Amino acid sequence: MDNFDTDAVDSVLCVSGSRLVKSGFLCTTNFTDNLVTFINAGGGSLKKEGELRVCVESDGCFEGGDVLRTGDYLVDLHFAEIVNTNGPKGMRLFDVFMQEEKASVLSEVDIYSIVGANKPLQVVDVKVSVGKDGAIFIRFDGICGSPIINGICIKHATNLPESQGEHGFLMCNNCGTEVEISSTQQKIIRMKSMAKYEKKIEELRIQCRLKTDECYEAWMSLTATNENLERVRVELDNRSFEKLLLDQAIEKEAAKFRDLSSQYERDKKLWGIAIDELGRKIKTMKEEHCQLSFEAHECVDSIPELNKMVYAVKALGNIRVFCRCRPLSKGEVSAGYATVVDFSAAKDGELGLLASGSTKKIFKFDRVYTPKDGQVEVFADASPMVISVLDGYNVCIFAYGQTGSGKTFTMEGTEQNRGVNYRTLEQLFRTVEERKETSTYNIFVSVLEVYNEQIRDLLATSPTSKKLEIRQTSEGAHHVPGITEAKVENIKEVWEVLQAGSNARAVGSNNVNEHSSRSHCMLGIVVKAKNLINGECTKSKLWLVDLAGSERLAKTEAQGERLKEAQNINRSLSALGDVISSLATKSGHIPYRNSKLTHLLQDSLGGDSKTLMFLQISPSEQDVGETLSSLNFATRVRGVELGPAKKHIDTGELQKLKLMLEKAKQELRSKDDALHKLEENVLNLECKAKGKDQLCKNQQGTVNELESQLESKTELCRLLEKQLLQLSERMKGKEEICSNFQRKVKELENRLMEREQSESMTQYKVKELENTLKERTQEFEVHSGMLQQKNIELEQKLRQHETLFSAEKLRTTPLNPRISNMENIQDMDPPSLRCLKMNVGSSDLLKGTDSLRELRRKRQSQSKGTKNNFLLSASLLEKKSMTAESNKAKHVDPSRALARITRSTKPFSSNQRASSNNKTNRDQVQGSKEGSSKLKLWLR
Ligand SMILES: Nc1ncnc2c1ncn2[C@@H]1O[C@H](COP(=O)(O)OP(=O)(O)OP(=O)(O)O)[C@@H](O)[C@H]1O
């Protein structure tokens with residue numbers, strides 16, 4: 001009975017899915033002690049290349065110390081039912097299958113069938129896998145026919161034979177000792193590591209795939225974010241640009257506003273001062289006015305006759321008469337003519353004319369200019385009236401007098417002594433310039449003459465046959481359609497226009513004066529004004545008229561055409577006188593249409609218009625008659641006819657009162673004018689102030705609005721900048737993640753490549769090992785055939801020897817020392833005897849066994865590398881076991897011994913053998929077990 005080490009068995013299998021029951025199985029050890037086969041009584045059938053399902057029952061079947069006997073059942077087993085027809089015979093499969101952690105590591109799978117009694121059929125390419133439920137699936141790919149599977153044995157990897165191939169070495173992590181490991185173990189390790197690596201690679205692949213997906217998603221999100229960011233940037237740029245424009249606009253507006261404000265403040269101060277000043281003045285004037293009115297009333301009350309004069313003055317309204325006397329001409333001086341005009345009271349507006357005899361006639365006018373008074377003085381008094389045309393009043397200034405009295409000199413003047421016309425326009429432009437902040441003006445000039453009751457356009461560039469007529473507009477204004485109206489912008493243009501008119505003027509000559517104008521020369525100035533503050537528009541007209549000479553017909557001695565000219569001139573002048581008279585008497589009908597002159601002047605004579613007449617007189621005694629006539633006419637125009645009688649009444653209180661009244665009236669008029677002007681100025685200033693206030697308010701509103709817009713834009717900009725910052729940070733994060741992913745992917749790819757390379761190397765090595773294995777297996781088969789042959793031969797020889805021995809025994813006598821020995825042998829117990837027999841008879845067999853051992857030793861010595869302690873001890877044990885075996889072989893049947901020899905090619909089996917054969921060697925076996933367990937630990 002052989003001892004069996006149950007630790008060597010990991011799994012007990014049954015066929016056909018039957019549950020293993022310890023008692024219901026035949027169990028035996030096989031030829032070799034280390035191989036245990038459990039056979040199901042029923043057996044299982046295997047379909048052709050089918051799948052055999054077996055159950056694993058690893059617990060409870062065997063306990064440590066269980067003894068299984070060899071041979072008790074082995075003989076009775078019938079494996080010979082089915083013959084494996086095509087499958088390889090006597091081959092051993094050393095494939096190692098690593099399954100789940102839980103499952104055992106399978107070192108080998110032996111499948112027995114009828115190849116020979118108790119000889120296992122080793123099948124190549126058996127696929128074994130362990131499922132999760134513990135079931136083992138075995139697939140037979142290389143077997144044909146219907147073999148009955150009698151038993152399957154699965155063992156631990158620790159039991160793998162050493163002799164199967166090359167050995168490898170492992171470094172112990174604890175002590176650094178190199179441990180030799182068999183190829184199968186290497187395979188296990190490789191498989192383990194490969195499986196681990198494959199698992200890891202698979203995990204890494206999955207991880208890589210996930211990371212790639214993440215990367216892709218991150219990349220897409222990054223792209224989308226970048227696009228958004230780009231859009232936001234563009235928008236931000238636009239907003240910034242808009243903001244910049246707005247800032248600039250606001251800056252401009254603010255600068256404007258500042259200018260306006262400062263201007264406004266300055267103006268306001270000035271206006272305040274001016275208004276205060278004006279208020280003061282008005283107050284003073286009002287007081288004076290009250291005082292004067294009071295005085296005047298007192299006078300009027302005291303002198304009832306003066307009432308008529310007051311009314312006449314009031315009725316005259318704005319008609320003023322300035323009397324100007326020219327100096328004696330050279331001709332007159334040389335002719336010895338005396339001056340008949342007295343200027344002693346000229347400052348008071350009085351002029352005396354020494355008429356025939358010694359009587360002196362006094363004439364009173366608004367102004368009296370002596371021959372010494374120049375153009376400047378004359379215009380200074382006319383200037384306020386001229387300026388009123390800019391305020392919308394119609395004004396008419398005309399020069400009346402006999403031929404050669406200086407009308408043209410006063411109105412036109414010379415280049416060195418400019419007359420009223422030029423100075424008027426100069427003054428207008430000056431005032432326009434002064435008022436440009438508050439008003440705009442357009443000035444148009446037309447120059448025409450009335451000659452023989454016909455109107456001639458003196459500015460017309462080409463002569464036209466069309467007769468110019470006076471027409472009345474729907475607004476009631478009178479104008480001459482088709483007349484040239486030259487727009488003048490500056491004084492230079494004015495001079496050119498005046499020159500053109502002057503040149504075109506019809507000039508004739510007569511006996512009285514060398515260059516006497518026989519027509520009325522009229523300079524019409526139309527002013528279109530717009531008040532920028534209140535938006536008021538006005539159109540007013542100023543006539544500057546150089547009338548034709550007013551000499552008497554008889555004196556000129558004109559005839560024919562000249563007579564006709566003179567008649568027309570006189571008629572028109574008479575018409576002028578009639579109009580003025582009618583105005584003075586407030587007649588219901590004003591005969592404007594009696595002449596072209598009065599018709600043209602209709603808008604500027606009477607009503608609310610202002611009229612100024614320059615009465616031109618000659619100082620010469622030869623013209624005294626004409627001068628008297630002119631003075632009388634002028635007095636009529638002025639409305640107050642101071643008769644010489646009256647003039648000369650110079651007595652008593654009445655005269656004094658008259659003078660006082662006259663003075664008071666004059667002052668009153670001037671004060672009225674000044675007051676009126678001041679009121680106008682105040683009104684204008686108030687309007688301006690209101691306009692400025694409104695403008696200021698509007699500007700303030702605009703500034704407020706712009707400021708709020710700016711604030712909102714700034715806020716928006718701030719928000720956008722914040723967003724941009726956040727997006728940039730996010731983008732940076734994404735980029736970092738992306739780069740990390742890319743780096744990881746690269747690493748994984750590199751590792752994957754390395755793994756693949758190592759895998760391919762491993763596969764290559766595995767293939768090499770397989771080839772080596774095949775070669776070894778073939779060698780082994782050859783050797784086992786030879787051994788069998790030798791075995792048969794040795795058995796035959798043994799039989800022969802036994803036959804010879806028995807024959808010799810019968811024949812020989814006890815005297816033979818050998819026989820005495822045999823007697824001693826007979827006294828021995830049968831096993832000892834058998835042993836002796838074996839010693840004597842099986843010398844050849846032992847020789848054969850020794851030769852096999854020698855071969856094995858040689859192989860071992862050929863194996864590369866040094867052996868570790870464990871393997872050394874294992875080797876020692878093996879030697880011991882070999883010795884024990886050889887001793888044992890003396891007691892066993894030679895055929896069995898041979899069979900053992902064939903199986904003893906596995907190095908580890910020697911340990912088991914030793915333990916099963918001799919209980920005394922159990923300690924050594926224990927040591928071997930410890931070594932084995934150590935090896936397992938290191939392998940793990
Ligand atoms: N105030 C004055 N000072 C110096 N010279 C004067 C003055 N007034 C007129 N004269 C001169 O007297 C002359 C005649 O003057 P002017 O031609 O102006 O007269 P008139 O009234 O226009 O004559 P007519 O009606 O024929 O045109 C001119 O030579 C002029 O220079």
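Heads up, the Cβ atoms here are built off N, Cα and C, so glycines get one too.
In this structure, K407 (ATP binding site) is part of a helix by DSSP. According to TrEMBL, the feature ATP binding site maps to G401, Q402, T403, G404, S405, G406, K407, T408.
The coiled coil feature in TrEMBL is assigned to 654-758.
Taken from TrEMBL, the feature compositional bias 'Basic and acidic residues' covers 882-894.
If you look up TrEMBL, you'll see 902-930 marked as compositional bias 'Polar residues'.
Marked as domain 'Kinesin motor' by TrEMBL: 318-640.
Sequence annotations record features per position, and here TrEMBL assigns region 'Disordered' to 882-940.
Working note on the binding-site residues T403, S405: by count of other C-beta atoms within 10 Å of each C-beta, S405 ranks first. DSSP assigns Q402 (ATP binding site) to coil, not to a helix or a strand.
Every protein chain shown contributes to the tally, and the Cβ of K407 (ATP binding site) ends up with 28 other Cβ atoms within 10 Å. Each of the binding-site residues G401, G404, G406 was scored by the number of other CB atoms within 10 Å of its CB, and the largest score is that of G401.
As a whole-number mean, the pLDDT of the coiled coil (654-758) in this prediction is 82.
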